[in-house]
Amino acid sequence: MSAVYARRRIVNVVALGLSGVATLIGLMFLVWILWITAQSGFGALKLSLFTKITAYGADGGLSNAIVGSLIMDLLAILICAPIGILAGTYLAEYASTTRLGATIRFLNDILLSAPSIVLGLFVYVIVVLPINSLTGGAISFSGFAGSVALALIGLPVIVRTTDEMLQLVPGTLREASLSLGIPQWKLTMQVLMRAAFSGILTGVLLALARLAGETAPLLFTAFGNMYMTAHPLDKMASLPQTIFQYTNDPDPALHAIAWAGALLITLFVLALSLLTRILFSRKKVSYE
Amino acid sequence: MHATSAEPLARDTEHRSRADARHDLIFRLLLRCCALIVLAALLGAALSTLWGGRDILFKDGLHFLFSSEWNPVEDKYGALAPIVGTLTTSLIALVIAVPISFGIALFLTEIAPNWMRGPVATAIELLAAIPSIIYGMWGLFIFAPFMASIEPWMNDTLGNIPLIGQLFQGPPLGLGLLTAGIVLAVMILPFISSVMREVFRTVPARLKESSYALGSTTWEVVWDIVLPYTRSAVIGGIFLGLGRALGETMAVTFVLGNSYNITASLLMPGTSISSSIANEFNEAVGLHRSALIALGFLLFVVTFIVLLIARLMLRQLARKEGR
């Protein structure tokens, strides 16, 4: 009897100990990756990164890639935020119980983890190729196509958060407004949107954090560019794509620049995701 | 007199409510169109990649799937090597990530003191926020050399085990299927562990307390009560991680080594669907490009099915809770 008891206790201690080890392994990888990025990135950080373009190679900087990333990320958010917010509103306010609503919600969750490289191919086929044949080959890859690809990655994030946030708004608010006789579109735009504003903003920021680090869909939509451009129909450089290119290069001087770019992206993305956490936790408190 | 003053008012009200109804209808249609864009995006991704890959699919048909020859010079393309590479790396990732994720979820729901749970959970979730290109760089510059340094040791120990020994024999390159699988495992850890953590918390306290009252240890409560209760959602979470691993591009492209040879050793370089597309698409023309887009279609279909299973499994637990 005591042998069984001892065995059970040993199994328990070993299993719980291993779970602690598993947590340590997870944390170790986080610290390892962030430490390497910070160490290699800060070591390579210099002013010329922000003032010189990538055409100079190892003597150059990343200014055109930084500008390209900012333009494409912003344009992508401008495309996916309105569509995503309205689609999320439809799910929460008009289709929370219908079959169509359930289907869209379900498929949106799938789009959320769909492979980004396939979304890049999709945009290549529906944006890059048509523009190419319309302009007779003058324009093919473009910053605009890159933005559309990134927008497809941000879209499901915004749809989902908007949907969830609107469902958190108390039903009494809707009933009170409707009883005053205002039409439903006014109720949605002027009452519910305002009540769920910080939650919806969280979704938009989350989407930005998600799409800012994406590389795969940009390779065959925006393509990349050695020179500075702000025109959305030009081929456009971006930080992730430049990092990809420089990492593939054998020149260690380019690796250093790539690490500096990697640090910039990581800082941006981590700052955004921590900010959304703060916004979101505040929101939770205000409802309790 | 009464009639004349009330009439315009009534007309006015009627006019307004008609306008309101019209605006509501337009608003509703606008919203529905936006929601349908989500459907259009998924359907479009499938159809456009199928369309883009039509040349190779018409030419080779099913042979495309089972041919292991990938030779741009002779314009011959078979998808077997990328498919095998994608499946192998994802499988390695699951074998490593599932037990570790389970350990993390167990630690955070049952063992860790309250003050530790929030920060540790946030830290683990930050792993999901790191862009995949960073994983790729870290994998190539830091982790691959580390793997190269321990691979001779693997050859001598794991390589001598009967049956599975062959998997761990090979030159210590550092790049290869095993390295890619481990990097993928770290990437999908946060997804699997956060699903497990969330569903473990939904187990009614009454069930757990009853088991403790009968004298169970913490491990027995988790293994015999918590895990069976949440089984479908846990499997859903694992499939969610699998879906991520199958489609991941940047983290594996650098460390796979880009080789179309199918070998029995995990230490040898390989390729995957996503890394073939990322590496070759911009230089490819004609049939080569068509073959790469067809690979994209294949990847999309496989991940769609995996994610579909994941979501269906996750929904079962939500139903049980009456949500």
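Every residue, even glycine, has its Cβ placed from backbone N, Cα and C.
Taken from TrEMBL, the feature domain 'ABC transmembrane type-1' covers B:83-310.
Per TrEMBL, the feature transmembrane segment maps to B:25-51 (among others).
The transmembrane segment annotation in TrEMBL covers B:79-108 (among others).
Feature annotation from TrEMBL assigns transmembrane segment to B:120-144 (among others). Sequence-distant neighbours of the transmembrane segment (B:120-144) (same chain, 6+ residues past either end, Cβ-Cβ under 8 Å): 104, 107-108, 112, 174-175, 179-180, 182-183, 186-187, 189-191, 193-194, 197, 248-255.
Sequence annotations record features per position, and here TrEMBL assigns transmembrane segment to B:173-192 (among others). Beyond its flanks by at least six residues, the transmembrane segment (B:173-192) meets 85, 88-98, 100-101, 104, 124-128, 132, 135-136, 138-139, 143-149, 151, 237-238, 240-242, 244-245, 248, 251-252, 255-257, 265-270, 272 of its own chain at Cβ-Cβ distances under 8 Å.
Sequence annotations record features per position, and here TrEMBL assigns transmembrane segment to B:233-256 (among others).
Same-chain neighbours of the transmembrane segment (B:291-314): 42, 45-46, 49-50, 52-53, 56-57, 64-65, 77, 79, 82-83, 86, 195, 232-233, 235-240, 242-243, 246-247, 273-274, 276-277, 280-281, 284, counting only residues six or more beyond its ends whose CB sits under 8 Å from a CB of the stretch. The transmembrane segment feature in TrEMBL is assigned to B:291-314 (among others).
Long-range contacts of the transmembrane segment (B:233-256) within the same chain, counting only residues at least 6 positions beyond its ends with a Cβ under 8 Å from a Cβ of the stretch, are 85-86, 89-90, 93-94, 97-98, 101, 131-133, 135-137, 139-140, 143-144, 175-177, 179-180, 183-184, 187-188, 191-192, 195-196, 199, 227, 269-272, 274-275, 277-279, 299, 302-303, 306-307, 309-317.
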